[in-house]
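In case it helps, Swiss-Prot gives these features for our protein:
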- 1-97: topological domain 'Cytoplasmic' (TOPO_DOM)
- 1-39: region 'Disordered' (REGION)
- 25-39: compositional bias 'Low complexity' (COMPBIAS)
- 98-118: transmembrane segment (TRANSMEM)
- 119-911: topological domain 'Vacuolar' (TOPO_DOM)
- N268: N-linked glycosylation site (CARBOHYD)
- N564: N-linked glycosylation site (CARBOHYD)
- S755: active site, charge relay system (ACT_SITE)
- N809: N-linked glycosylation site (CARBOHYD)
- D832: active site, charge relay system (ACT_SITE)
- H865: active site, charge relay system (ACT_SITE)
Amino acid sequence: MPRPRAAKEEETELLAQHQESPRPSSDGSEASASSISTTSLVLEHINDGGFNGARSKVSEKYTDDGNGDLGHARERFDIEDGKFHPLTPVDKKARRTLWIVGTICAVGWALALVSFLMNGNYKHSSTRPHDPDASVTKGSGKKITLDNVLGGQFYPQSQSVSWIAGPKGEDGLLLEKGVSGKDYLVVEDIRSKGNTEAAGDKFTLMKKGNFQIGEDIFIYPSNVWPSADFKKVLVMSEQQKNWRHSYTGLYWIFDVETQTGEPLDPENQSARVQYASFSPQSDAVVFTRDNNLYLRKLDSQKVVKITHDGGSELFYGVPDWVYEEEVFQDNSATWWSEDGKYVAFLRTDESMVPTYPVQYFVSRPSGKQPDAGKESYPEVREIKYPKAGAPNPIVTLQFYDIEKSEMFRVDIDNDFTDKDRLITEIVWAGKSGQVLVRETNRESDILKLILIDVSKRTGKTIREENVAKLDGGWFEVSHKTTFIPADSSLGRANDGYIDSVIHEGYDHIGYFTPLDSDKPILLTKGEWEVVEAPSRVDLKNNLVYYVSTERGSMERHPYVVALNGTDKREVMDHSGPAYYDSSFSTGGGYALMSYQGPGIPWQKIVSTPSNTEKFEKVLEENKALEKMVQKHELPILKYQTIDVDGFKLNVLERRPPHFSEKRKYPVLFYQYSGPGSQQVQRKFEVDFQSYIAANLGYIVVTVDGRGTGFLGRKLRCITRDNIGYYEAYDQIAAAKMWAAKKYVDAEKLAIWGWSYGGFTTLKTIEMDGGRTFKYGMAVAPVTDWRFYDSIYTERYMHTPQNNPTGYDNTSITDVHSLSQNVRFLIMHGVADDNVHMQNTLTLLDKLDVAGVENYDVHVFPDSDHSIYFHNAHKIVYDKLTWWLTNAFNGEWLKIQKVRPKAQADARSLGR
């Protein structure tokens, strides 16, 4: 398939031999006469067709050069243009005037030279630091290629840090696995990286990356989890993926002192386990196998089976598909109490949940070979998948008393019914024998926080909030509730917890104490929002660390505040815009600060305000990325806000290098638009959108419209019960603004997105009907929200039974309006277990019935939602590039009037 590529080396070498006089570059600056600059000037016209003969329109790139063809450019600098004029004498007055003018010019030239040298403009672009706020590209550089982007060549290098608490509560300890030159699994004091005398010794947990069981079994770890006392390591080998977050494996217990291992279940060592975890006391392991829960006490070889009826429709200790995907984003539904006396776990009953078949035509993910004679049939995996309005799994919280070997549940007065309950978070309240349980109703707009005393086997609701009455919105799933134990010596009279709260229309954090209090001490407030907070609590110093958007909704900065809500301050001193990701040590004394943009990303570990001993260690500076960036021409980024119906929306415009307002550019809109999401961020990123702008010469615009996150609940929750309407409306409103700009070709506007972005793409071109956007590209789109999973969809739409009109309105049904666009593209993975292929197939049927044909379709066998199977990921982006280039080259306009060649020739002869 044709795809824009860099010029061949032999073409570049030949053109570099052409020496021309300097001419103004496209950004207005004077181009150098070096062979490098001359080559770049000539290469701007390679795609005009003059060098390589006739080329198909499909392979043509849009050019942002408005200077005409190369032949005319050469004529302007040809010394033989025009007639030869003989020299004539100059009189004295004219000579004096020339001297004065010459002197003025010389002085001006000298001043310009000084400014030129002081500003570093004499340097080639490849030697200048990356400037993320540059408004123009100067000089020349390599073009970004699609292979650069898909190959991750512009992806920042980063180091992951696994903080781990010491057996005696030591802070600042790291768990390092497989580091070159070290033992396989090591616990190291972070201060040793700074060579300070206070650093503790390294502690080896596993010397080698493999060990032996018996005479013939060799174990190669897929993952490892140390016990809290560092005396044992839980090892998983032969990992096999299940869904997005879940997997199975063989589990082993490794003894640190003897450096030997044994099976987790000595009597069934080859059985695959779904999840396992150490007790906080390091004396037992609880695990799930075949959907039943088991316990192994390490002082015994015996395994105790806690549950007995687990199976294909009943899960213990692990989530089903929808809870894994939409609630926990994890493979565990098991929680040890801090004192190791109890295990809390979910019982998930899927017996009433309908199944959805996912077909695999090429591969066999089960690993099972079909019976003889059935090899030609696809493998079908039946998934229990609750769609909107369909029966949900029945989930209940169970407890197991280790000492008494008893399993029980605690009933709560006025609790949600089994069919209307979502259990979204479990937090043990220290060693008190109490547990906090967060529940919402099925439609996620009523929250109940329940406190259970497992020793007394009683419980009660301590907080209840109805957000539908507050602002008409919903509760998102959160897993950041943090227990704060009482400590009178530190001024904490009662137990409490930190939780997210809604304050004056924005998401903040509050401290609830005692545990049954429903009135928080506000830790943050203002017209900005905290992000997944708290990040860490320093109990010794009563400090709370969190990340927020206080500096700007497109930025992220870490802060610290006292537990009483006073003395708030920033953790990092950064004067300009910045986007930080923060990972704090277990005690809060250290933090890995990952600066993600807008400049070149870097990482360093620093001491926090909790720590009296100052520490700083740079881990990553991305020097290689800096050099890579300097050698390439990146898009010009313009961050801005626009006003749509009184709402301020964040926008990122990516302009081509050498952008000129005197030219007319096609514009591609890229968006995701999902509830609470954000695409316009001050991060460093060179992605597919960067490639489109920098290589193809198109403008790429991203608008975070209504419904997206971090600008307050009013903007976010307006979409409830009618998702797709405001998202599409805002994309169209923004497109009209761009269409009116003098540097935009209003006939060449397109929009694309993936998943929710694919849905919004189709909804936008459906609403617009070809009046503003002419083209759309949708990958893995939802086309009818009745087809998507219940927990996600009903959070924003209620159930179809309670909101039938909303579901009708939000579905893609106006195929006549779709036919008014020039053309659109749909792509989907056939084995998508998330957004089912049913969405695309149903829309195609509607198009067929209506006789609509102005679209293209590409499906990918055996690919799931990420579309990776058998080179599919590369093909997706190749197809997007090729299809968009054809669109902006006018090819799709031509095929609207296509006729058989014989007929066309006959008409031509008849003229």
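Even glycines carry a Cβ here, placed using N, Cα and C.
Walk me through where these features lie, including what they touch and how far apart they are.
According to its DSSP assignment, N268 (N-linked glycosylation site) is coil.
Around the Cβ of N564 (N-linked glycosylation site), the same chain contributes I521, N542, each under 8 angstroms and 6 or more positions distant in sequence.
Taken residue by residue with DSSP, S755 (active site, charge relay system) is part of neither helix nor strand, so it is coil. Under 8 Å, Cβ to Cβ, and six or more positions away along its own chain, S755 (active site, charge relay system) finds Y672, G674, V779, A780, P781, V782, N834, V835, H865.
On its own chain, N809 (N-linked glycosylation site) has N722, G724, Y725 as residues at least 6 apart in sequence with a Cβ closer than 8 Å to its own Cβ.
In the three-state DSSP scheme, D832 (active site, charge relay system) falls into the coil class. Residue density at D832 (active site, charge relay system): 22 other Cβ atoms are found within 10 A of its Cβ, drawing on all protein chains shown.
A sphere of 10 angstroms centred on the C-beta of H865 (active site, charge relay system) encloses 18 other C-beta atoms.
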Taking the Cα atoms as reference points, how far is N268 (N-linked glycosylation site) from D832 (active site, charge relay system) in Å?
34
Could you pull the average pLDDT for the topological domain 'Cytoplasmic' (1-97)?
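Looking only at the topological domain 'Cytoplasmic' (1-97), pLDDT averages out to 37.
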Mind giving me a neighbour count for N268 (N-linked glycosylation site)? Other Cβ atoms within 10 Å of its Cβ, every protein chain shown.
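Here the count is 12.
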